[in-house]
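Worksheet for the structure shown next.
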Amino acid sequence: MQENLRFASSGDDVKIWDASSMTLVDKFNPHTAPHAISSVCWSSNNNFLVTASSSGDKIVVSSCKCKPVPLLELGEGQKQTCVSLNSTSMYLVSGGLNNTVNIWDLKSKRVHRSLKDHKDEVTCVTYNWNDCYIASGSLSGEIILHSVTTNLSSTPFGHGSNQSIRHLKYSLFKKSLLGSVSDNGIVTLWDVNSQSPYHNFDSTHKAPASGICFSPVNELLFVTVGLDKRIILYDTSSKKLVKTLVADAPLTAVDFMPDGATLAIGSSRGKIYQYDLRMLKSPIKTISAHKTSVQCIAFQYSTVLSKSGLNKGCSNKPTAVNKRTANVSAGGGGAQNPGVVREAATTSIATVPPQPTAAAVGKGAVAPQDKAGLPRSINTDTLSKEAESGKNQDFSNFDDSGKSSLGDMFSPVRDDAVVSKGGDESIGKGDGLDFLPQLNSVFPPRKNPVVSSTSVLHSSPLNVFMGSPGKEENENHDLTAESKKMYLGKQESKDSFKQFAKLISGAETGNLNASPSSNQTRSPEKFEKPEKEIEAQLINEPPGNGSSTPNPKIASSVTAGVAGSLSEKIVDTIGNSRPNAPLSSVQIRFIQNMIQETLDDFREACHRDIVNLQVEMIKQFHMQLNEMHSLLERYSVNEGLVAEIERLREENKRLRAHF
């Protein structure tokens, strides 16, 4: 539960409560005393509270930073009884006894627009998720959608004049889903795109329903209360009633706490009940709040990103997260598009191609953010399960001994992982989904590789194969011997390349002044020794993208011919020159280019082999995953337990019917 979170309740006055302890923080009444306060709503930064009374005397904006102080009065004498703020708290919509819906500009303190489409008293108003539409309900049973951008109103829809609309709420996840409750106890979910019922829950309440509220963290859950003392929880997906509770008094108001686990419910006797959804048998706290009926309950908005906000995108408010707009993407806006109600909530997935980073990426990592703070991609698997466990993972501490995990070794989204000599680890995150279509972009061919003295972070497939239970022991012994040879060759190659670098630099400055005989005898040694050392170095060096290293057996066979031909070319070049002359800059450049081209060709060959290996591994992993799923589905169902569960269900039904 968020620290210092508060909620407001209205009845004969307005009271502000601490949500955790349910203790009174403050109370005030900015309206005419005899009349109840029918509607309250918080600003997005939780500093201001807007109230309206059942008499419609005026709309009052009060500051609640310290003590509640009325700051602004609007619509005096205009009979406005219900209010709602947009996500920026710059515009206020109100409706009331004069059948009019007014949109107020709080900056200029004037009516921005008046909508006179209703034929009877307006009972409730609310903004949609992106503040482009206003939904309003009336005593005549009409629901009208008003477009803020086009200044047009929809054709009235509803169930008829005998079903007065008492409360309207938009779903926080399914953007085109609007819930309504009416006097005859019917609860309806509307598809606002087609303005037709998505589902009717008939006869759920035996008396007028008074309030509806959608869960801020669970896209399937919503709750209604009514004067029949019932609290009913619903599942929007299966369109069924999940649970029904009966209180000890008629219920008049309901709201979810931003954590999604707690309900605050007001009654006609002035009491407020706090329910925990994890143990719904009885309220965990009950307080006597008002002398008259509780008209409205409104929680402050969460000042930290709620799970629903993370699941559905990022909010555009830097200071507070509105429960209504926590799931609006940063580029959100625009009118609603026609179509059916979306069963799955939309996710804010940008189409930015992955950029190469010096990092290793593991499956399930959340996408990194660019400089503007917008996520490049969102792992939908992570998002759908985030309510159960966090999925942000840091993959770090990859050393050059090849101690990486199986997923990192063969992950097709792994990018270049190169560190300098002084670096000990490589840390990063990247996209963890939709990897198969991006193989070409993730593994680009290296056109201009650069040979330097920096040490290269590499992961040997040896560690993966040695840990694999399906391999035979003789293969493990062969690979172990190969790895030892590779390691020794790597150590020798460092010394030989240092000598080779000194030789070239000395020739370039004119310091190679050896005798003819010594030069003739030493030159072949100097350039024949690197033949073996180049071979060892190339075996140990990873491909250009640093994603993996080739099999030592394959690499040794390929390298033998390449290194042999390269050494012969170098020796021939040195032998054709004059024995007592130092190497010219042209010869040195020619040798460097030969080495560079050979290494480049070898890298590309290794790169192709590794890509093919990884694709094959992905296929094998996918086949294994499908096989595991089929086995789990086959053996996870226990017939005895299923029969026992059915028996217990029948017994519960009988007990409920009798008791």
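Please read every residue number as a count from 1 along the shown chain.
Backbone N, Cα and C atoms are what each Cβ position is placed from, and that goes for glycine too.
Features reported for this protein in Swiss-Prot:
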- 1-31: repeat 'WD 1' (REPEAT)
- 117-156: repeat 'WD 4' (REPEAT)
- 160-200: repeat 'WD 5' (REPEAT)
- 246-285: repeat 'WD 7' (REPEAT)
- 289-332: repeat 'WD 8' (REPEAT)
- Thr382: phosphothreonine (MOD_RES)
- 383-433: region 'Disordered' (REGION)
- Ser411: phosphoserine (MOD_RES)
- 413-432: compositional bias 'Basic and acidic residues' (COMPBIAS)
- Ser426: phosphoserine (MOD_RES)
- Ser468: phosphoserine (MOD_RES)
- 508-531: region 'Disordered' (REGION)
- Ser515: phosphoserine (MOD_RES)
- Thr549: phosphothreonine (MOD_RES)
- Ser636: phosphoserine (MOD_RES)
- prompt: Relative to the Cβ position of Ser636 (phosphoserine), how many further Cβ atoms are located within 10 Å?
  reply: 7
- request: Determine how many residues of the repeat 'WD 7' (246-285) DSSP places in helix, in strand and in coil.
  value: 0 helix, 21 strand, 19 coil
Beyond the flanks of the repeat 'WD 1' (1-31) by at least 6 residues, Cβ under 8 Å: 37-40, 42, 46, 49, 51, 53, 55, 57-58, 60, 62, 64, 67-68, 70, 253, 255, 257-259, 262, 264, 266, 270, 272, 274, 285, 287, 289-300, 302-304
Task: Report the mean pLDDT of the predicted model across the repeat 'WD 8' (289-332), rounded to a whole number.
output: 59
For Ser636 (phosphoserine), the three-state class that DSSP assigns: coil
Query: Could you count the residues of the repeat 'WD 5' (160-200) that DSSP puts in helix, in strand and in coil?
result: 0 helix, 22 strand, 19 coil
